[in-house]
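Notes follow once the structure below has been shown.
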Amino acid sequence: MTISTLSSSYGNAQDVPAEDSDRHGSIEPGSEKAANAVERSGIPILEVKNLCHRYPHLDANTLEEINLKVYKGERVAVLGANGAGKSTLFKHLNGILKPLSGEVLVKGEKITKKNVRMCRETVGIVFQDPDDQVLAPSVEEDIAFGPINMGLSSEEVEKRVKEALKMVGLEGFEERAPHHLSGGQKKLVAIAGILAMRPEVIVLDEPTAGLDPLSSARFLELIMKMNKELGITLLLSTHDVDVVPYFAERVFVLHHGKLEADGIPEEIFSDPELLRKAHLRLPRIAEIFEMLQQEGVDINIKITAEKARDEILRVMDSRFQTFRMG
């Protein structure tokens, strides 16, 4: 099916209800700017103030007085055990859910009924289960859905679909039926659908869940590329602590709907008690270093393989020098 046929099938954005046309999240052009060093000053691209949320069937709040800021170009991990409130928080970031109290600001503007479409054109969301998001009969139709409903020309829609497919490595999949794809491939289609709308922020809910180690690594490489080459601000939720050191510049820790910590990965993972309180653990590499500390070895906890190597070499050199002097 051609893009022009797709356009006539879907109609214009003005003819489609907001809740339908925004099912992918959305975007505003601007992703062509190269990623620059993040400056945590000025107006945050996302800000959450005193956010509380409660589902109707529950007696307690799912989110309790959440306050956080995310700045343009950052890569942020939201770390928490299952049930910590990560998905609920993410659904507030472009107005899918409404707060019980508090507010969410996108580029300094509070999300309201009047501007929710603009907010969804800035913040795109990739859901944990791609079957909740990839719904069209073909890959091409699914990726074209958002751009068509932005009112773009057939030529521009086709261009964006091709660019998005190339970015996620699915060239040649245009006519494939999504239900014939693997789980990992469906997640890539979901991301392509968001990329085609060129958002400034992409929120990914447990993106590596259900993926094998190789697919998970490739997925992380892709989203790092999106950040570095397109300048897209990224928020990623996960309970996989081994993923975080290789992705995040900053980490939020959620526990029972409360924000327990906000810091760089080295700070967060140097506090084992914080992680245990949040029903998490140290990354495997850091666990080894913690055990060495408990054995009396004078060694600093490291969280990536490269830094662990450097620290081990430092300790070995120090002991060698001590041995020579003795």
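For all residues, glycine too, the Cβ spot is worked out from N, Cα and C.
What you are looking at is a predicted structure, and each value in this text was computed from that prediction instead of being measured.
Straight from Swiss-Prot, the features:
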type     : residues                                               : note
BINDING  : GLY80, ALA81, ASN82, GLY83, ALA84, GLY85, LYS86, SER87 : ATP binding site
COMPBIAS : 1-12                                                   : compositional bias 'Polar residues'
DOMAIN   : 46-281                                                 : domain 'ABC transporter'
REGION   : 1-34                                                   : region 'Disordered'
LYS86 (ATP binding site): tally of other CB atoms within 10 A of its CB: 25
Most Cβ neighbours inside 10 Å, all chains, among the binding-site residues ALA81, ALA84: ALA84
Which listed residue (ASN82, SER87) has most other Cβ within 10 Å, given these are binding-site residues: SER87
Output field, ATP shell: CB within 8 Å of site CB centroid, site GLY80, ALA81, ASN82, GLY83, ALA84, GLY85, LYS86, SER87 dropped: SER237, HIS239, LEU254
The domain 'ABC transporter' (46-281) [mean pLDDT, rounded to integer]: 93
Other CB atoms within 10 A, centred on GLY83 (ATP binding site): 15
Cβ atoms near GLY85 (ATP binding site) (within 10 Å, other residues, all chains): 23
Residues near GLY80 (ATP binding site) in space but at least six apart in sequence (CB under 8 A): LYS86, SER237, HIS239, VAL253, LEU254, HIS255, ALA278, LEU280
Coarse DSSP state, helix versus strand versus coil, of GLY80 (ATP binding site): coil
